[in-house]
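Let me begin by presenting the structure, written as structure tokens, before commenting on it.
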């Protein structure tokens, strides 16, 4: 890139094997109108600092791997372009997560929260028909049939790519690392809205808990930073409505 403009890219570095604490290093990266932050990190790794660690995969904002803080805002590196910044960028790992190395964070709690809410369709147990262990083809079709209107109820919430940007944006997750978090609650709500699913009661026990929907104070920044416009804040608020219904029903129809 002869005669190209140069961006000063300040990157947080941390190797737990040799560093007592994270520190910042600055690299000069030539760029053009099409250079993404992910391209810039690749340039740094290939030509300036081979030990730089960061996550990436698809380059198309589909995999959700390259989330990081750009000038204190959660962004995907592949969707962030150097042309939109004037001379300086500060790149740090996603906020609210433990740092493993450089820009790589430990997503264990995030993954565990997603697993806990059972992010898959839970169907009814299939009864035996005519002595056969599996339901008929007609019954199978009836259990999986879905109209466009039924799909539209949850379609927006199904677009999540598990990038973790909403967790980095969430002040409540920063204060309470046990909070299920925006993405997990959104995913739970997505399946609760699916007419083919019968696992709502199992998920609501988590959403109704102390680390569920009521931990959210509705700042709304999670929806602002979402690269797929999933609107997790809306999903959480809808989850609060369902939780309130559960509470009222439990008061009117106590168990026992």
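Just so it is clear, glycine is given a Cβ too, placed from its N, Cα and C backbone atoms.
Annotation source Swiss-Prot lists menaquinone binding site at 14, 237, 238, 239, 240, citing similarity to another entry. The Cβ of residue 14 (menaquinone binding site) lies under 8 Å from the Cβ of 21, 22, 23, 99, 101, 102, each of these being in the same chain and 6 or more residues away along the sequence.
Here Swiss-Prot flags 58, 63, 66, 78 as [2Fe-2S] cluster binding site. In the three-state DSSP assignment, the secondary structure recorded for residue 58 ([2Fe-2S] cluster binding site) is coil.
Annotation source Swiss-Prot lists [4Fe-4S] cluster binding site at 160, 163, 166, 226, citing similarity to another entry. Residue 226 ([4Fe-4S] cluster binding site) carries neither a helix nor a strand DSSP state and counts as coil. Listed in sequence order, 165, 166, 232 are the same-chain residues at least 6 apart in sequence whose CB falls under 8 Å from the CB of residue 226 ([4Fe-4S] cluster binding site).
Per Swiss-Prot, [3Fe-4S] cluster binding site is recorded for 170, 216, 222. The DSSP secondary structure for residue 216 ([3Fe-4S] cluster binding site) is coil. Contacts of residue 216 ([3Fe-4S] cluster binding site) defined by a Cβ separation under 8 A and a same-chain sequence distance of 6+ are given as 172, 179, 182, 185, 233, 236, 240, in order along the sequence.
As annotated by Swiss-Prot, domain '2Fe-2S ferredoxin-type' applies to 7-97, with the evidence given as sequence analysis.
Swiss-Prot lists 151-180 with the feature domain '4Fe-4S ferredoxin-type'. Per-residue pLDDT, averaged across the domain '4Fe-4S ferredoxin-type' (151-180), gives 98.
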Quiz item: Roughly how many angstrom lie between the C-alpha atoms of residue 160 ([4Fe-4S] cluster binding site) and residue 63 ([2Fe-2S] cluster binding site)?
Solution: 10
Quiz item: What residue among the binding-site residues 237, 238 has the most other CB atoms lying within 10 A of its CB?
Solution: 238
Practice problem: Write out, in the order they occur in the sequence, the residues of the chain not among 160, 163, 166, 226 that have a C-beta within 8 Å of the mean position of the C-beta atoms of the recorded [4Fe-4S] cluster site. | Solution: 64, 161, 162, 164, 165, 182, 183, 186, 222, 225, 227, 228, 230, 232
Practice problem: For residue 163 ([4Fe-4S] cluster binding site), find which of the binding-site residues 63, 170, 237, 238, 239 come within 10 Å, Cα to Cα. | Solution: 63
Quiz item: For residue 78 ([2Fe-2S] cluster binding site), what residues in its own chain, 6 or more apart in sequence, show a Cβ-Cβ distance under 8 Å?
Solution: 36, 37, 38, 56, 58, 59, 60, 61, 66
